[in-house]
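S.K.: There's a structure below that I have some questions on.
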Amino acid sequence: MSVQHDAVQRADFDQFMVPNYAPAAFVPVRGLGSRVWDQSGRELIDFAGGIAVNVLGHCHPALVAALTEQANTLWHISNVFTNEPTLRLGKKLVEATFAERVFFCNSGAEANEAAFKLARRVAHDRFGPEKHEIIAATNSFHGRTLFTVSVGGQPKYSDGFGPKIQGITHVPYNDLEALKAAISDKTCAVVLEPIQGEGGVLPADKAYLEGARELCNAHNALLVFDEVQSGMGRSGELFAYMHYGVVPDILSSAKSLGGGFPIAAMLTTTDLAKHFTPGTHGTTYGGNPLACAVGEAVLDIVNTRQTLDGVKAKSERFKTRLQALGEQYGLFEQVRGMGLLLGCVLNEAWKGKAKQVLDAASAEGLMVLQAGPDVVRFAPSLVVEERDIDEGLARFERALSKLANA
Ligand SMILES: *Cc1c(COP(=O)(O)O)cnc(C)c1O
């Protein structure tokens, strides 16, 4: 049965929606794999992936099947009861990672909120209220709730909302000396993205994460990795911490975890998890059967050698071509990132103009992202086909060529 919908247009956004977003001029209506179609029937290649979310592209048959099957079985039951999909996904995440315990919620911000609250609760229980300080990195992004913007290292997101959460210090990323100078016995947690995503697609140095781990151990502080963007296969390993060989105490996952269905998770150890006793924390939808059924299907496909090795091969294909385009058109001189989270760093002449590059790409039928004003970001599906990579990059080249010759 098909439902009759009212016709709506992009202009309706300005009339009915809170203006906290500024969406593109066209409205996507349908997607398949790495292609998307808008209301006018125009086809676009999707290298944005819904901001590093559509990890298996659009309408992947395994995800559609998992969702449809669960939709016909059980949608929601609340945490007054547990449910089979949540138990299956929880068990698989434990088996696949350092973690021994999982807490499910609905967004990256919520997973981080849980992580930060757990870190404070653990320190409070073990050492008393003095030990509550959190150290995070300049330019980091951890979500948009008041706690997570306060921990995030971008004042433009936290200023102007009244008093912030107290006890948070920011240090420059990849600067071990600065972290060493800031950490103390009052520190309850050090929070880092192994690859800064929103901050400009900047991977951590291995020595930095290793040093952070040692400093945390020396000060009884927890190491929290925000892998909301870097996790679930994007780096070419299931989680980026596996690349570095540095194991956190708490890890947050979201975005790709649901492949487009809202779900997030906080992973930790038994010893830490026990501080969240019944009633200390929760959320109505956390571990929802629909979300967990999709998450399980995502994990089953992403956590295979075939997918993860595919990410590495596709990454090389992107990097080689992007580097050549950088040299040819002179807009950017550096391509950085890991796996299928890549950033073209605009050079002096194009600094601040990432949005202009996005608009030019979109005019050629290509969706890409920015990561701040100076970086053009690519976060495509991990199973994007080679011909889509080639066609998308051909469109990107046309955009660069027009910009360079304008
Ligand atoms: C996107 C993101 C978040 C926030 O996730 P939401 O689902 O938007 O709340 C947190 N941390 C990182 C690293 C992110 O990239």
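Using the three backbone atoms N, Cα and C, a Cβ is placed for every residue, glycine included.
As annotated in TrEMBL:
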type    : residues                                                       : note
BINDING : GLY108, ALA109, PHE141, ASP226, GLU227, VAL228, GLN229, THR284 : pyridoxal 5'-phosphate binding site
BINDING : ARG144, THR283                                                 : N(2)-acetyl-L-ornithine binding site
MOD_RES : LYS255                                                         : N6-(pyridoxal phosphate)lysine
S.K.: For LYS255 (N6-(pyridoxal phosphate)lysine), which of the three DSSP-derived states applies: helix, strand, or coil?
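M.R.: In three-state terms, LYS255 (N6-(pyridoxal phosphate)lysine) counts as helix.
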S.K.: Pop the Cα-Cα gap between LYS255 (N6-(pyridoxal phosphate)lysine) and GLU227 (pyridoxal 5'-phosphate binding site) into the table, whole Å please.
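M.R.: One finds 9 Å between the Cα atoms of these residues.
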S.K.: Pop the Cα-Cα gap between the residue listed as 'N6-(pyridoxal phosphate)lysine' and GLN229 (pyridoxal 5'-phosphate binding site) into the table, whole Å please.
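M.R.: Here the two Cα atoms lie 6 Å apart.
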S.K.: Ligand 1 is in the model; which of the binding-site residues GLY108, GLU227, VAL228, THR283, THR284 have a C-beta less than 6 angstroms from one of its atoms?
M.R.: GLY108, VAL228
S.K.: Does GLY108 (pyridoxal 5'-phosphate binding site) have same-chain partners at least 6 apart in sequence with Cβ under 8 Å from its own Cβ, and which are they?
M.R.: HIS142, GLY143, ASP226, VAL228, GLN229, SER252, ALA254, LYS255, ALA264
S.K.: I need the CA-to-CA distance for ALA109 (pyridoxal 5'-phosphate binding site) versus ARG144 (N(2)-acetyl-L-ornithine binding site), whole Å please.
M.R.: 6
S.K.: For PHE141 (pyridoxal 5'-phosphate binding site), which residues of its chain lie six or more apart in sequence with Cβ-Cβ distance below 8 Å?
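M.R.: Non-local contacts for PHE141 (pyridoxal 5'-phosphate binding site): GLY152, GLY153, GLN154, TYR157, GLU193, GLN196, GLY197, GLU198, GLY199.
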S.K.: Tell me, if you would, which residue among ALA109, VAL228 (binding-site residues) has the fewest other CB atoms within 10 Å in the structure shown?
M.R.: ALA109
S.K.: If one measures from the C-alpha of THR284 (pyridoxal 5'-phosphate binding site) to the C-alpha of ARG144 (N(2)-acetyl-L-ornithine binding site), what distance in angstrom results, rounded to a whole number?
M.R.: 19
S.K.: Can you check which residue among the recorded positions ARG144, LYS255 has the largest number of Cβ atoms within 10 Å of its own?
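M.R.: It comes out as LYS255.
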S.K.: Have a look around GLU227 (pyridoxal 5'-phosphate binding site) and count the other CB atoms within 10 A of its CB, chains all included.
M.R.: 32
